[in-house]
There are 2 protein chains.
Amino acid sequence: MTDQNTDQPTEPGDDEDFTPRRELLRQIDEALDAGDAARLEALLEPMHGADIADIIERLTPAERRKFLELYSIEMDGEILSEIDEAIRDEVIEALPKEVLAEAVREMDSDDVVDLVEDMDEGEREEILSALDDADRMAVEQSLTYPEYSAGRLMQSEVVTAPEHWTVGEAIDFLRAEDWLPEQFYHVILVDPRRHPVGYVALGRLLSAKRSVRLKDITEDSFRTISAYADEGDVAYAFNQYHLISAPVVDNDDRLVGVITIDDAMSVLDEEHEEDILRLAGVGDESAITDSVMETLWQRLPWLMINLVTAVVASLVIAIFEGTIQKIVALAVLMPIVASMGGNAGTQTLTVAVRALATKSLTGSNVWRVVRREAIVGLLNGLAFAVVMGIVAWIWFDGVNLAAVIAIAMVVNLCVAALAGILIPLGLEKAGADPALASGTFVTTVTDVVGFFAFLGLASAVLV
Amino acid sequence: MTDQNTDQPTEPGDDEDFTPRRELLRQIDEALDAGDAARLEALLEPMHGADIADIIERLTPAERRKFLELYSIEMDGEILSEIDEAIRDEVIEALPKEVLAEAVREMDSDDVVDLVEDMDEGEREEILSALDDADRMAVEQSLTYPEYSAGRLMQSEVVTAPEHWTVGEAIDFLRAEDWLPEQFYHVILVDPRRHPVGYVALGRLLSAKRSVRLKDITEDSFRTISAYADEGDVAYAFNQYHLISAPVVDNDDRLVGVITIDDAMSVLDEEHEEDILRLAGVGDESAITDSVMETLWQRLPWLMINLVTAVVASLVIAIFEGTIQKIVALAVLMPIVASMGGNAGTQTLTVAVRALATKSLTGSNVWRVVRREAIVGLLNGLAFAVVMGIVAWIWFDGVNLAAVIAIAMVVNLCVAALAGILIPLGLEKAGADPALASGTFVTTVTDVVGFFAFLGLASAVLV
């Protein structure tokens with residue numbers, strides 16, 4: 001990648017991964033250590049706000065304080081809107097009031113909403129007072145919609161035209177306006193009551209003759225989004241329909257804003273982050289900038305739940321203490337049955353969670369997928385029953401022991417497959433996030449069933 | 001969401017999740033059963049190609065054959081480019097040659113590349129022969145770039161203008177052209193040797209006076225992407241810099257195509273899919289449409305690896321058979337130590353894999369994060385040592401046993417934290433995907449260490 005300010009040749013196989021070069025980071029460290037504000041400014045001058053935000057995030061809290069002292073007057077709306085939530089308060093507090101006010105004035109209304117939505121009344125008022133009346137009202141309007149809704153995601157800066165206009169009229173209008181948003185991709189046609197009736201891509205506007213009516217060059221793919229729609233569904237729609245921007249309407253179907261694809265892309269990214277972290281039993285707010293204590297508090301509750309379920313599995317083992325004392329080989333082999341069940345269950349679970357997230361697992365194919373997972377579970381069970389039966393037979397020279405572990409393996413892998421698909425489906429049906437806690441549920445089931453099947457059979461057959 | 005063809009009111013809390021309504025799916029089933037092509041066409045007519053593709057994906061193979069028989073002449077480029085790779089061959093084979101040729105002609109060059117890149121020579125030739133010479137050359141040019149590179153992702157349809165043009169000249173040119181791509185968001189300025197030197201957003205082109213020079217209204221954020229750049233890095237750049245489209249250049253810095261944000265969004269989505277599936281030890285090609293045998297073959301290898309590691313852990317237990325025979329409580333408690341280690345390790349691992357994927361874990365903060373994880377591991381270990389010590393003490397009435405499990409817990413949670421961060425870092429450093437196989441490595445380490453620490457200490461102290 002070459003920036004317009006630089007002149008680096010791009011070569012195949014070049015280590016271009018779009019992250020700031022190590023050399024630059026070293027120079028920034030030096031400037032920080034030397035307290036050299038001018039040097040720091042010069043180093044950061046060619047950089048994109050998003051990269052500057054990343055650098056701020058990677059500093060230690062002490063370095064960050066120093067950075068903000070030296071650089072605070074340069075902080076603008078672009079950098080501020082890119083800063084991770086986890087350290088945003090810290091940054092805002094370090095900024096002089098005038099700098100913060102100026103930065104907020106530069107931001108689009110959706111970025112201001114994102115900035116203030118988690119603040120308390122007092123802080124929020126202070127930030128919003130920097131805006132002029134129209135912008136403040138737009139932000140306050142956005143904040144009336146529920147959290148994680150399209151209404152919070154949209155920006156209120158919209159380019160509209162009456163539906164009866166021609167291309168020439170639209171171009172003259174755009175040339176005369178000086179408040180146009182920085183980025184826009186469509187002109188939205190509205191009727192006299194501000195209901196959106198279609199939109200025209202700027203490319204078509206540019207390539208049509210002045211006399212063409214806007215109505216005749218609207219896009220086929222026109223869709224409006226309710227301000228109350230869930231942001232995850234909005235991201236899905238953008239990805240599914242290759243939307244670039246979409247008008248947002250209120251309950252009366254009146255235009256209230258527009259969502260652009262870059263915001264939808266951020267939501268998609270966040271939703272993935274949540275899924276992957278929740279599947280692993282990590283708080284979905286976790287960030288690489290978190291302190292030791294923040295990290296500890298996110299992880300402890302999940303480990304505590306895991307401890308309880310592990311103790312439940314141990315209680316199952318305890319039932320068969322007598323059997324284990326007689327045949328100690330059971331203690332050696334039992335974790336294998338449990339571990340295989342846990343892994344097979346996690347495989348199914350992950351595929352199910354992912355399919356639910358992408359809406360590819362729905363009413364119309366759910367039973368077919370459950371059936372497939374059950375059959376795969378059975379076949380996996382049979383395969384590993386044979387393998388593990390042979391291993392146990394050779395290892396402990398007992399054909400009965402081999403038969404016991406083989407049967408337990410089939411039982412546990414079938415149960416694992418069913419638990420892996422039915423638990424996330426059940427959570428989804430109950431209105432919960434299928435990624436949340438389902439891993440713990442599934443491994444609890446496979447541990448308990450694994451130990452019970454193996455030790456129970458052993459008690460019945462071998463003792 | 002309301003389509004322009006429908007007239008449903010949108011209400012807050014409405015169940016608008018952008019997936020086809022169950023009622024519609026039932027009607028489609030009926031039309032399929034009745035073999036009623038006209039009815040099927042009428043039902044699908046208002047639908048977006050992406051939704052039709054989803055419906056085709058959700059059918060059983062038998063239903064799908066029937067569907068394609070009835071609907072094949074309606075299949076267009078839009079539907080075809082949305083069909084999941086897993087069933088694409090099946091669909092292509094079912095289409096009459098003329099329909100396929102027409103569909104391919106409608107597609108943008110990047111979608112054609114996506115369609116043919118995994119085909120063998122003969123099939124590919126057949127598809128490409130449907131294209132006119134210029135389009136075929138564009139596709140063949142794209143195919144010379146490595147798989148998963150920007151060159152494969154780009155479309156060759158680009159709107160350019162000489163850098164010295166005015167707004168008026170550009171608009172006249174656009175009005176005169178009839179080959180313009182369906183969607184474009186920038187006019188790329190090129191010098192006489194076709195090196196891109198900047199780009200103009202269409203919004204600015206529309207709002208500027210005819211006499212303004214294009215050079216004076218270019219975007220600040222202009223970046224070019226090497227055709228050899230990895231598609232994951234391209235997606236990262238779009239997300240990081242809020243790009244809408246970006247010019248792609250060859251080794252001589254000459255413009256060869258353009259990548260648009262919707263393609264970058266798809267890549268981002270796929271990369272997430274890969275991460276989440278690989279973390280769970282599921283083949284990253286897995287799809288909800290896979291058959292039983294395909295699913296089985298994706299999952300068996302990972303379960304086989306897990307079996308080997310589980311046997312290794314069992315060998316550790318086998319060393320201490322004598323001790324377990326004397327104190328059978330050890331067999332009851334040992335899975336708790338291993339399970340807690342496995343969970344804590346997975347937590348750290350997931351955060352690390354995710355941070356590596358988003359480039360937020362890099363050289364500049366890696367040791368700080370390793371240190372944080374180690375301290376969190378120690379603190380978690382101490383917390384659960386106390387809890388589990390008390391549980392073991394009460395349960396088995398042995399203070400020495402309690403001390404042994406407490407110490408083993410501290411050891412295993414510290415090791416889990418270190419393994420969880422160092423293993424993905426090591427895989428990344430070695431050029432491998434940190435998501436791939438690291439889960440198995442980490443749980444192997446925590447199982448082996450957990451059993452060894454607990455049973456080893458018990459043998460030393462209790463017997």
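Every residue gets a Cβ built from N, Cα and C, even glycine.
According to TrEMBL, the feature region 'Disordered' maps to A:1-20.
The domain 'CBS' (A:154-215) scores a mean pLDDT of 93 in the predicted structure. What TrEMBL records for A:154-215 (among others) is domain 'CBS'.
What TrEMBL records for A:217-274 (among others) is domain 'CBS'.
Outside the transmembrane segment (A:300-321) by six or more residues, the chain places 281-283, 330, 334, 338, 437, 440, 443-444, 447-448, 451-452, 455-456, 458-459 with a CB less than 8 A from a CB of the stretch. Marked as transmembrane segment by TrEMBL: A:300-321 (among others).
The transmembrane segment annotation in TrEMBL covers A:327-353 (among others). Remote same-chain partners of the transmembrane segment (A:327-353), defined as residues 6 or more beyond its termini with a Cβ less than 8 Å from a stretch Cβ, comprise 275, 279, 313, 317, 320, 361, 369, 373, 376-377, 380, 384, 388, 392, 395-396, 398, 401, 405, 408-409, 412-413, 415-417, 419-421, 423-425, 434-435, 438-439, 442-443, 445-447, 449-451, 453-455, 458, 462-463.
If one looks beyond the transmembrane segment (A:374-396) by at least 6 residues along the same chain, the residues whose Cβ comes under 8 Å of a Cβ in the stretch are 329, 333, 336-337, 340, 344, 348, 402-403, 405-407, 409-418. For A:374-396 (among others), the entry in TrEMBL reads transmembrane segment.
Same-chain residues lying 6 or more positions outside the transmembrane segment (A:402-423) and placing a CB less than 8 Å from one of its CB atoms are 333, 336-338, 340-342, 344-349, 352, 369-370, 373-374, 376-378, 380-382, 384-386, 388-390, 392-393, 396, 438, 441-442, 445-446, 449-450, 453-454, 457-458, 461-462. The transmembrane segment annotation in TrEMBL covers A:402-423 (among others).
The transmembrane segment annotation in TrEMBL covers A:435-462 (among others). Counting only same-chain residues 6+ beyond the ends of the transmembrane segment (A:435-462), those with a CB under 8 A from a CB of the stretch are 274-275, 278-281, 302, 305-306, 309-310, 312-313, 316-317, 319-320, 322-324, 327, 330, 333-334, 337-338, 340-342, 344-346, 349, 353, 357, 398, 400-401, 403-405, 407-408, 411-412, 415-416, 419-420, 423-424, 427.
Across the domain 'CBS' (A:217-274), DSSP classifies residues as 26 helix, 16 strand, 16 coil.
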